[in-house]
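S.K.: Pasting a structure here, questions to come.
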Amino acid sequence: MKNFRVTQQEIVLVVFVALFAICSVFLNGFLTTDNILTLLQNVAVLGILGLAMAIVVIGRGIDISLIAALAVPPGLVLQLVQYGYTLPFAISLGLGIAIIFGLVNGWLIAYAEVPSLFATLATGIFFAGLGQAFLFELEVVQWSEGMNGFEWLGQGSLLGVPMPIVMFGIACLAVAFLLRRTRVGAYIYAIGDNLAASRVTGIPVRPIVVLQYVLAALIGCFAGLVLASSVNSMPTRIYSSTLIYDVILVVVLGGIGLSGGKGGVINVILGTLLIGTMLNSMTIMDLPYAAQNLFKGIVLLIAVIADTLLNPRNEETAQQGDI
Amino acid sequence: MTDTVISLEKATKLYSGVAAIEDIDFDLWRGEIHALVGENGAGKSTLTKVMAGVVTLSSGTMKIDGKEAAPSTPLEARHLGVAMVFQENSLVPTMTVAQNLFLGQERYFNRLRGINIAAQQFLQSLNFDVSPTAVVDTLGAAKKQMVEIARAVLHKAKVIIFDEPTASLTPEERKYFFDLVRNLKGRGVSIIFISHALEEALELADRITVLRDSKAVVTDDAANFDRARIVKAMVGRDLSDTLYGTKKTTVRRAGKRVLTIQNLKMAPMVKNNSLSVFAGQVTGVFGLVGAGRTETFKIVAGVIKRDFFHGGEVILHQKPVRYRVPAPAIKAGIAYITEDRKAEGFFETFSIARNIYLGLLAKFPKGRAILSKREQTQAGSNWIERLNVRAIGDAAKMIELSGGNQQKVVIAKSLVQEPDIIIFDEPTRGVDVGAIEEIHELINRLADEGKAVVMISSYLPEVMGLSDRILVSRQGKVVEELSALEATEEKIMYAAIH
């Protein structure tokens, strides 16, 4: 077959199926309904964050501050309710602060033209610090009476499927619709493929970039609410964890090229499943935390190298027009 | 017997299947000045890049000093004694002249004073009037070129290749450059230079090679050439029946004045530029590299910004406008079709249809918040047919198309926005011969339909064959305006050069 070409998506799918098969055969207790549901439940929040990251990465950016958006606005919601404010008020304030956070990120990147990596690194630290210094009384913000009724977001199940997975599914559908079926989605892909050409074509590049970061912050906040309601608290120290690396791992491993303009929700799902299987099998094998990090590091490295090889941007093609 | 430094046999270089040079045999003798002439896209740059190690041959052999060589980086080529002075400077602008000269040759411990003294002595031995402690950024074009040349000589280059060396020089500097090249020749260095100015080639070169459509057409002693013979070899037929049709005998009447530019300024490229554009006509804008043509029209289209103070005026349909980004210019009916389609023309991983649909979405977003696959396919197939785009399949990605087809899609992406003023910037650069004719027909058709068409081109026959009005630009402003009927190559060239 002359026209046969493997896409990154197919490679990831094959790797996932292989890993899943190996785990099912060799690991006791892997292939049980309970374990699979636990696996999915554990990675649901990661998957939702992966969707937020995907929107930004497709537009050829990166959002390191995502974990701050996950921790601070939901933490604020829980804290306000503790103080006795009503739940709707707290949630609208939380969403409001997430939007402002996204606007600041977007403005820095689109208008002040700070590289996204550095801009979000700085704003993430600032935002997390702001939360820890002024907003929260304790590092873990506890669930309080006023929140009751809200835990359905992360607890219980719908038709046998745990709620976090349902939420991941809903988020997937919403983001897939945005990326594939709307004008804004088409703009995001265009900006990721070629920013200069988007500009010359008349696409409002800067507003769309800002919108990307606002969406990312809102989805991050949503992930935080799901997380908080499933564990009945908001552990704000999560900011200092290595969660953000897992999110990048999901996106890159799933096959959304860091060079932008490629991939979609299906890649996030694949990446999430792959990471979920990996983490779950390592837990079953009882690998120490340090060894798990080592392993994740190696996988991320391989994924990034594969990304560079599969989506090259070399000089030969860059100079094509100049004969 | 003459001594051959570089010889190429059956040299071919393909860019994604399209030949940039094809079966070229080429010899360079020791101590000769060899000029390469040919149209844009004839393969001159590629031929020299092969020798300088910037690109490697797809097939064929190259021998340097009788030994087969295939340098894959400029550094390897330099070790073989071949140095290239590029169109764009390859100096580090923030370093001093001396630092640039010795770049890549530093010892572990580098003493500034040491290299300054060495550089001073070396520059003096070449009779170059450049201070070794001057920062390169502060030097003029001619001095930068001197530093480049000095560096090549310092690296003991046997062969120095110049790509359009005189394009940015003043006449005095040009004369100085000629002396310099003759001086190098006296030292036994072989020189290759690419030039668009035929007079230069005739005056300076010992031998001339003419390239056309990726092939070497003729190589002969410069003494055996005259202007007419070179032009004939370049074009492949007599000037009277070029590819671009016969010289115009009728011109379109000017319609309404749609665009006026007054005293437009953007330092340092555009200086007090004033011009007008009328509907129903092709306005050709000719000029050499660095004449500020592209910048002027990019300002009109909002791609770049003019000077904030004393920036002049752009008047569109009797109203002064100032666009900060291209989007409002497009809304106002201006289309700018870029000269660098790879960088800012198209979306390489998308299909043809999606590229065109994006143009539509950007201009007419109303009612298109949700994408319509049907509309995208329709827009795609409609324009593929209208502009005769040839692709492997409907789902072909832009990157897989030839230069001509890419250009057609970029044009379609702008035309779908229904503009009134269409600015073509070098519309046939890097485009195959068949597509050139089609693009020219399209330009004529647009003017016949009553659109105001601006065509920026560095290629004289194109300007003369298509334009109704010709504006000649020089050093940041339009210096001459000619009707197509009164224009001759000589008149245009005379205005474009000092």
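Every residue gets a Cβ built from N, Cα and C, even glycine.
So TrEMBL says this about it:
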TRANSMEM  A:12-30  transmembrane segment
TRANSMEM  A:36-57  transmembrane segment
TRANSMEM  A:64-83  transmembrane segment
TRANSMEM  A:89-110  transmembrane segment
TRANSMEM  A:117-136  transmembrane segment
TRANSMEM  A:156-179  transmembrane segment
TRANSMEM  A:208-232  transmembrane segment
TRANSMEM  A:238-258  transmembrane segment
TRANSMEM  A:265-284  transmembrane segment
S.K.: Between the stretches A:89-110, A:117-136, A:156-179, which wins on the count of C-beta pairs under 8 angstroms to the transmembrane segment (A:64-83)?
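M.R.: Going through each listed stretch, the top one turns out to be A:117-136.
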S.K.: Do any residues, 6 or more residues outside the transmembrane segment (A:156-179), come within under 8 Å Cβ-to-Cβ of it, and if so which ones?
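M.R.: Here the qualifying positions are 37, 40-41, 44-45, 47-48, 51, 54-55, 58, 185, 188-189, 215, 219, 222, 226, 230, 264-266, 268-269, 272.
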S.K.: What residues elsewhere in the chain lie close to the transmembrane segment (A:238-258), defined as a C-beta under 8 angstroms and at least 6 residues from its ends?
M.R.: 7-9, 11-12, 46-47, 49-50, 53-54, 57-58, 62, 64, 66-68, 70-71, 124, 128, 227, 264, 267-272, 274-275, 293, 296, 299-300, 303-304, 307, 310-311
S.K.: What residues in the same chain, six or more past the boundaries of the transmembrane segment (A:12-30), come closer than 8 Å to it by Cβ-Cβ distance?
M.R.: 253-255, 267, 270-271, 273-274, 277-278, 280-281, 284-285
